[in-house]
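The following features are taken from TrEMBL:
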{"type": "BINDING", "residues": "Glu47, Glu77, His80, Glu165", "note": "Fe cation 1 binding site"}
{"type": "BINDING", "residues": "Glu77, Glu129, Glu165, His168", "note": "Fe cation 2 binding site"}
Amino acid sequence: MSIHLCTRCSQSTIKHLQFVRHISKRAKEERTKRLLSRVIRVDHAGELGAEKIYEGQIAVLGKTSVGPIIKEMKEQEQEHLETFKQLIVQERVRPTVMLPLWNVAGFALGAGTALLGKEAAMACTVAVESVIGEHYNSQIRDLMADDPERHKELLEKITKFRDDELHHHDTGLEHDAEKAPFYDALSKVIKVGCQGAIWISERI
């Protein structure tokens with residue numbers, strides 16, 4: 001009798017452990033899904049905004065000495081944006097509802113700083129790319145902590161894009177960004193705006 005009860009107890013324990021593992025695996029999959037959705041949604045929005053910033057700058061400075069440099073940076077942002085457009089479809093991620101606003105705001109920021117001069121346009125680039133570079137680094141850490149093997153391809157893309165953004169940052173510094181009028185204040189305002197846009201885009 002005791003042997004029979006022990007067997008039943010063991011079977012019950014096994015079933016319980018299997019149930020716990022199933023719940024744990026399901027919870028892990030849900031966390032991963034939420035992480036991927038957040039990463040792809042905000043990066044899609046960010047790359048759209050960056051492309052529009054450069055569009056605004058080109059509208060004002062396209063025929064000046066810095067025009068070709070800005071166009072080259074814009075082309076890289078277009079490559080990034082196309083990647084996230086594909087991931088939006090592939091992973092069935094809902095884009096942020098803020099896209100129309102970021103579209104207008106990005107162009108306005110680019111054109112507005114360009115109207116202050118090429119130094120201010122480059123200051124805008126330095127501020128924006130500084131925030132984006134830090135944001136990509138944070139995402140790389142999150143994806144590595146979740147499952148580096150599962151996210152290998154995405155990690156490679158984000159790492160490359162981060163390096164592109166940091167190159168844009170350095171390009172801005174090389175082209176007199178720090179000589180812009182009220183550089184520190186301008187940089188701080190733009191960084192705060194970018195950080196706010198990231199926070200909102202991750203959530204809605």
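Just so you know, glycine gets a Cβ as well, placed from its N, Cα and C.
Just so you know, of the binding-site residues His80, His168, the Cβ with the fewest other Cβ atoms around it within 10 Å is the one at His80. On the backbone, the CA of Glu77 (Fe cation 1 binding site) and the CA of Glu129 (Fe cation 2 binding site) stand 11 Å apart. Annotated pair Glu165 (Fe cation 1 binding site) and Glu129 (Fe cation 2 binding site), C-alpha to C-alpha distance, rounded: 5 Å.
Recorded residues Glu47 (Fe cation 1 binding site) and Glu129 (Fe cation 2 binding site) have their alpha carbons 11 Å apart, per Cα-Cα distance. For Glu77 (Fe cation 1 binding site), other Cβ atoms within 10 Å of its Cβ number 24. Cα-Cα distance from Glu129 (Fe cation 2 binding site) to His80 (Fe cation 1 binding site): 13 Å (rounded to the nearest whole number). Ranking the binding-site residues Glu47, Glu129, Glu165 by C-beta neighbours within 10 Å puts Glu165 at the top. Surrounding the centroid of the Cβ atoms of Glu77, Glu129, Glu165, His168, where the record places Fe cation 2, the chain contributes additional residues within 8 Å, namely Ala50, Met73, Gln76, Thr125, Val128, Ile132, Gly133, Asp164, Leu166, His167, His169. The Fe cation 1 site is set by Glu47, Glu77, His80, Glu165; from the centre of their CB atoms, other residues of the chain with a CB within 8 Å are Gly46, Ala50, Glu51, Gln76, Glu79, Leu81, Ile132, Phe161, Asp164.
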